[in-house]
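Structure record follows, encoded as structure tokens.
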């Protein structure tokens, strides 16, 4: 199935400012193509503030890894594996709920206010977790944090895509993955003294409230998304925000580009409308892409790599450091290459690299015949898998989907597709150890490797290249594709 979006069903909604709208069939470009476009420096501060959400996502994902034993001892549920598992995984439930509502919130109150709203449960949840003296309080705090974790990243993907110049949009999109990696690494560093300092785990949670508070305050000084303002019919405000992002000389051409996108004109797209008709193809592709990302086995590697490393004699701390370095290195390389090689090449190459790496782990699982060689294959396979993931499969979907979704459905469609991510993440994490026990590592890793090959084929057949194109050019080209 290729792109089959019939342009005849995508009639433009009449604009309230029809006098300034050009013919949608006329190709237009901002002056950037001539070398006089907006400077990337103007949008950089706004993007950096937005990526604090991703830093928090990474921090809260790893904050309980080291302190979990101390938390369980202090709160009286040491030895209760179910309770310990809930402390780690209850964030997933909160994240699913936050993600599911993120589209409606981002469309209803705007991107800036949505960021501030996502910071609120992270601040309150971190405070409750730091102050609690019971398991119930810890679970409540972690659940609240999870809702913020689910709400923030989809809004960040939307916002960064909508405020970034086309020439550096891929680079800025990679900031999300880099910030997530940094959050995980910082959480591991902050948690390191937990076994030496009594109740240090409470400090770990208090630290998380700092960047959340900083983002809530800094968003007051950031621009609102011109895409959202224009979609709501607030043309003058959109023009004012564009001036802050592209400069006075480029505002007119930027507004001309913006006028090519669809507007709501008071009509709200319902979630049910994303499952049929003209919107279904792009939403289906986005949902499948996130499902394949999770079915590749990436979170089984992140969550259970310590078990694999310990099984071959590598200490857990060293394993976490190696994983963090591998993840961060790949993310930095992706940042450099995203606007040079393009999204499609990085994504397909990433999945193929993951397939090869998972194959190494499947071979390495045969310790009976390989002996000590299996150790190198297993450890090398895990590190190569994480590196390959961070080169494309990690950062690209969150950047690509806001690019290919029309302005009218962008927020809700991103929220729906990222909800698929959380659902599949939950089931893979829940069933991994059981499947590992029932099928054995060779069979399970072979399945993961096969999924990565299928994902690479899917990308080659169904994903379009968006490198260097404005959002309006992408939208018009997709809507006119037969």
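Glycine is treated like the rest: Cβ placed from N, Cα and C.
Those TrEMBL annotations? Automatic predictions, nothing curated.
Of the listed segments 34-53, 54-73, 114-133, 214-233, TrEMBL assigns transmembrane segment to 114-133. TrEMBL assigns the feature transmembrane segment to one of the listed ranges (255-275, 318-338), namely 318-338. Checking the ranges 442-459, 460-477 against TrEMBL, the transmembrane segment annotation falls on 442-459. A contact links the transmembrane segment (413-436) to the transmembrane segment (280-298), because at least 3 Cβ pairs that are 6 or more residues apart lie under 8 A. Sequence-distant contacts of the transmembrane segment (280-298) (same chain, at least 6 residues past either end, Cβ-Cβ under 8 Å): 1, 3-5, 274, 351, 354, 358, 385-386, 389, 393-394, 397, 400-401, 404-406, 409, 413-414, 416-418, 420-421, 424-425, 428, 432, 445, 448, 451-452, 454-455, 458-459, 462-463, 478. A Cβ distance under 8 Å defines the sequence-distant neighbours of the transmembrane segment (114-133), meaning residues of its chain 6+ beyond its ends; these are 50, 53, 56, 60, 75, 94, 98, 102, 105-106, 140-149, 151-152, 155-156, 159, 202-203, 205-206, 208-209, 212-213, 215-216, 219. Ranked by the number of CB pairs under 8 Å to the transmembrane segment (172-194), the listed stretches 82-102, 318-338, 345-363, 375-401, 442-459 are led by 318-338.
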